[in-house]
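These notes are about the structure you will find just below.
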Amino acid sequence: MTAFARVGSILSQIRTYSCQMGRTLRLNNGIEIPIVGLGTYKSPPGEVQQAVKDAISCGYRHLDCAWFYENEAEVGEGLHAKIADGTVKRDDVFITSKLWNNHHAKNRVVPMLKDTLAKLKLDYIDLYLVHWPMGFKESAPPLPQDASGYSDVDYLETWEGMEECVKLGLAKSVGLSNFNSEQIDRVLKHCKIKPVVNQVEVNPNINQKKLIKFCKDRDIVITGFCPLGRSNYAGKPGFPTPTIHDPKVVDMGKKYNKTPAQIVLNYLVSLGISVVPKSVTKSRIEENFDIFDFELDGDDRAYLDSCNKNQRCSPQTAYSDHIYFPFKIEF
Ligand SMILES: NC(=O)c1ccc[n+]([C@@H]2O[C@H](COP(=O)([O-])OP(=O)(O)OC[C@H]3O[C@@H](n4cnc5c(N)ncnc54)[C@H](OP(=O)(O)O)[C@@H]3O)[C@@H](O)[C@H]2O)c1
């Protein structure tokens with residue numbers, strides 16, 4: 001490569017990088033959420049530190065965590081390493097975490113957020129979500145085997161605890177996860193502080209267009225989890241085939257000189273949502289962030305639209321008899 005070409009290539013990389021860095025959606029409280037975040041569910045404690053460091057080095061400014069993932073301390077280690085080496089300041093990075101189902105009683109919410117903050121070694125979180133609308137007994141295991149582990153604490157009570165987190169300055173924003181349209185409207189009717197986000201499964205097998213529109217009309221941003229359809233679930237009985245393994249999507253990748261994962265992530269963000277693809281593989285972390293420099297044509301969008309079959313990789317059917325199970329209605 002000539003020196004001239006090398007300078008051109010570096011400038012182009014800088015342009016792409018700064019363009020991606022600025023990609024955010026505005027929440028209803030004026031705070032901006034970066035469109036692409038790093039998922040951390042099932043990222044092993046021995047690997048997630050490096051994944052977080054790689055992600056921040058390549059430009060990610062959003063980490064999606066949860067108390068349930070049992071790796072928040074290690075996510076925090078990765079983050080603090082990048083703060084220590086001067087790559088970012090705390091305020092540059094948007095950190096999401098989630099309250100687990102055993103702690104829906106109002107007086108458990110602040111202590112659970114404090115526990116998450118202690119693990120992450122932070123004094124505030126950018127976004128704290130109610131992980132699921134269903135509550136479990138505090139004494140039950142995190143995933144109870146049967147209904148004897150359920151609690152009937154109303155998520156409206158939980159929401160009061162979430163509001164307390166904002167009032168105490170422990171959370172900048174609060175939101176929901178896995179809530180259906182009726183549950184969202186119930187929270188909106190009773191809340192003093194509005195949820196800013198509903199984090200739900202979104203990928204071409206379940207594109208959630210109705211829930212996205214419903215939330216947009218209420219100024220709530222959707223964050224899509226399992227955006228790659230859990231690519232490692234390919235061939236797993238009872239689960240939808242991840243669209244990134246669809247031969248037509250593989251061909252689309254060749255057409256745009258992109259990978260199937262980049263095609264799918266580009267399609268999802270074009271629906272007006274943020275996404276949190278998970279990876280502990282450096283090359284994939286970089287790939288999943290490099291999705292903004294192309295636009296799918298009408299035929300390709302139509303094909304991806306046609307993949308929708310409302311099939312989830314995270315259906316949680318074991319809890320379908322819970323009073324607050326969210327997937328009993330269309331959306
Ligand atoms: N709110 C909720 O209830 C909820 C539920 C589920 C998930 N989440 C959040 O959403 C995040 C993402 O969901 P997820 O982790 O379930 O599934 P996902 O992001 O759809 O898929 C992750 C899988 O895809 C692989 N992968 C990553 N990038 C790839 C690429 N470019 N090409 C091919 N394969 C790739 C990963 O492997 P490697 O890591 O080995 O690279 C991993 O096996 C979670 O980590 C979590 O933060 C939230």
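Cβ from N, Cα, C; glycine included.
Record features (TrEMBL):
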- TYR69: active site, proton donor (ACT_SITE)
- HIS131: substrate binding site (BINDING)
- 42-308: domain 'NADP-dependent oxidoreductase' (DOMAIN)
- LYS98: site 'Lowers pKa of active site Tyr' (SITE)
Fewest-neighbour residue among recorded positions, criterion Cβ within 10 Å, set LYS98, HIS131: HIS131
Cα distance (Å, whole number) from LYS98 (site 'Lowers pKa of active site Tyr') to the residue listed as 'active site, proton donor': 10
Inter-residue C-alpha distance, the residue listed as 'substrate binding site' and LYS98 (site 'Lowers pKa of active site Tyr') (nearest angstrom): 5
Assigned conformation of the residue listed as 'substrate binding site' - DSSP reduced to three states: coil
The residue listed as 'active site, proton donor' CB neighbourhood, other CB atoms within 10 A: 21
Arithmetic mean of per-residue pLDDT over the domain 'NADP-dependent oxidoreductase' (42-308): 98
Assigned conformation of the residue listed as 'active site, proton donor' - DSSP reduced to three states: helix
